[in-house]
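Q: TrEMBL feature annotations, pasted as is:
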type: TRANSMEM; residues: 67-91; note: transmembrane segment
type: TRANSMEM; residues: 112-132; note: transmembrane segment
type: TRANSMEM; residues: 138-155; note: transmembrane segment
type: TRANSMEM; residues: 167-188; note: transmembrane segment
type: TRANSMEM; residues: 194-216; note: transmembrane segment
type: TRANSMEM; residues: 237-255; note: transmembrane segment
type: TRANSMEM; residues: 261-280; note: transmembrane segment
type: TRANSMEM; residues: 292-310; note: transmembrane segment
Amino acid sequence: LISLDGLDVRVPPASNGVKKVKPDAWTETPLSPSLQLYLKLSKIRLTGLVVVTSMAGYAMAPAAFDLTTFALCSVGTGLLSGAANSINQFFEVPFDAQMSRTRNRVLVKGMLTPLHAVAFATVAGAGGFAILDCGVNGLTASLGLANLILYTCIYTPMKRYSILNTWVGSVVGAIPPVMGWVACTGHIDTGAWILAALLYAWQFPHFNALSWNLRPDYSRAGYRMMSVTDPQLCRRVALRYTIGIAGISLLAPVLDVTNPWFALTSLPLNAYFTYLAWKFYRNSDSNSSRKLFRFSLLHLPLLMVLFLLSKKRWIFLEKDDPLKASPKSSVNTSDLLNIL
């Protein structure tokens, strides 16, 4: 019998059938979710890649660089991406639980509740759209909102019904650099389309190589991926779009988006990328797919750097030249006669 502030509490004797738990075996449960959990919910690495591609699009655009607009575009894009990824995880909890790659996600493990995910996605999505609409321009905000809807309402459910989900997902990946370009220029032009085409084509060798070694997971969760339903098509599409990247790189200077150096300097990079895709197509093994996937992570940033260095117009390098600024005047014959 133990007395606590005048209250008598009777403690039953320990039973032999009850397993004793050591005090150090208990773990503290935080009252509120930590920032780290929300970063995991937003798939921070994927969101970071999305933000970097939008930043690259801004830097590559042939217009004056404004640091405030650049920062607002990056923050708004990141918030929209985090919202989209949170909604994606909210819908896919039952399927993520069946995959070794995703079974430790925060919603699957119960580290965050579905209400937390929905609330976070709502706040992040609304905040990201408001930042882009008020701080950048309406077209950039509209592209961001359209991409969120495309990812959550079309791509996410389509993964369980059709292999076309990969093509839709590639569109999702191609839009962020266009958002950066539009944030800088205010409109979509040829350069934005070239940049989008490069990102769109890059998704296929990157994702198809990744999904090749995840076939058991995708099959168990019921996802309709090329690597599961049609392995030969998976390899063929990866090779096809890798060749397409080389073609788009050659087209960029022809359309006056970059100078000819981009076609020349990107040629070895794209040639090796194509070689790895060919090896993946021929060998159809884990080793070749892994090499292709790893190089894709290096290929994209290198290609973007080459694109940036080869852009046609560097605004901050242009000086005010009075001879350039003043229009050419025509020679007045009467003035010449008066001088003579």
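In case you wondered, yes, glycine gets a Cβ from its N, Cα and C as well.
Unlike curated records, TrEMBL annotations are generated automatically.
Thinking about packing and proximity, how do these listed features fit into the structure?
A: When Cβ-Cβ distances below 8 Å are used as the criterion, the transmembrane segment (67-91) is approached by residues 41-44, 46-48, 50-51, 54-55, 58, 105-107, 114, 117-118, 120-122, 124-125, 127-132, 135-136, 140-141, 144-145, 147-148, 151-152, 156-157, 176, 179-180, 183-184 of the same chain, each at least six residues removed from its ends.
If one looks beyond the transmembrane segment (167-188) by at least 6 residues along the same chain, the residues whose Cβ comes under 8 Å of a Cβ in the stretch are 50-51, 53-63, 65-66, 69-70, 73, 77, 81, 132, 136-137, 139-140, 143-144, 146-147, 150-151, 154-155, 158, 195-197, 199-204, 207.
Residues 166, 190, 194, 197-198, 201-205, 208-209, 226, 261-263, 266-267, 270-271, 273-274, 276-278, 280-281, 292, 303, 307, 310 of the same chain, all 6+ positions outside the transmembrane segment (237-255), place their C-beta atoms under 8 angstroms from a C-beta of that stretch.
Same-chain residues lying 6 or more positions outside the transmembrane segment (292-310) and placing a CB less than 8 Å from one of its CB atoms are 52-53, 56, 59-60, 195, 198-199, 202, 205-206, 209-210, 238, 245, 249, 252-253, 258-259, 261-262, 265-266, 269-270, 272-273, 276-277, 279-280.
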Q: Could you give the residue numbers and ranges of same-chain residues that sit at least 6 residues beyond the transmembrane segment (112-132) on either side and whose C-beta is under 8 angstroms from one of its C-beta atoms?
A: 33, 37-38, 41-42, 72-73, 75-84, 86-87, 89-90, 93, 106, 140-141, 144-145, 148, 179, 183
